[in-house]
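Below: one structure, written as structure tokens.
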Amino acid sequence: KYICTLFQISRLIQVEISFKLKGIALQTIHARELPDCYAFQNTITFNNRAHSGKIKIYFDSDTDIQECKDWHIFDSVLQKNAQYILVFDGFVILSCLASLILCTRSIVLAWRLQKRFVNFFLEKYKRSVCYADRLEFLNGWYVLVIISDVMTIIGSILKMEIKAKNLTSYDVCSILLGTSTLFVWVGVIRYLGYFQTYNVLILTMQASLPKVLRFCCCAGMIYLGYTFCGWIVLGPYHEK
């Protein structure tokens, strides 16, 4: 009602309302922990550029988290737990770093052995080794472990920085740690190969993987077409 009294709704194009809010995490006070202060920069946008009879409303909020000043409480139980978590994160980083170095060393040694194998075939049999045979020297599990270790190290560093109130990149941290956890559990499959019963299943999966990927590429075209069709046909009738 207030906007309609100031502007003619047919001439209204866009209105932005910006304001700041400050808050404090009160639940930490009961544990006698130094509380966190939050500063919110909010922007509400009323967009009527389409002149469709319905004004679209957008809300954007940026958050800055800092420790509240002028209040010092020591010997907090939660602060000790936070220190233990930081120590555990440091141990995880060191473990992943050691695994990263060892797997990288194994790949480098395998690459050198592959070069020696290729040179031996050229000198002994005057034949070049095909690309598929060269890939036999590359262990895909080591590559998966390297990617997982890199993502775990970066995610753990971001987690420590977030815990120290230096960063607020929660989404990036969760994506890195979640994806690395997925890769770790996928890597556990290789240990099942030491059992005769499970090894047959793993070999079957390895042999059928290229055909399954080709099938997914072909079927994916149908799924993409179905998605775009729904997007174009139903999109104008639903905001999402």
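Glycine is treated like the rest: Cβ placed from N, Cα and C.
Here TrEMBL flags 7-69 as domain 'Mucolipin extracytosolic'. Summarising the annotation, TrEMBL assigns transmembrane segment to 84-111, 141-158, 170-192, 212-234.
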Grab the same-chain neighbours of the transmembrane segment (170-192) for me: Cβ-Cβ under 8 Å, and only residues 6 or more beyond its ends, written as numbers and ranges. 141, 144-145, 147-149, 151-152, 154-156, 158-159, 162, 198-199, 201-202
What is the pLDDT of the domain 'Mucolipin extracytosolic' (7-69) when averaged and given as a whole number? 76
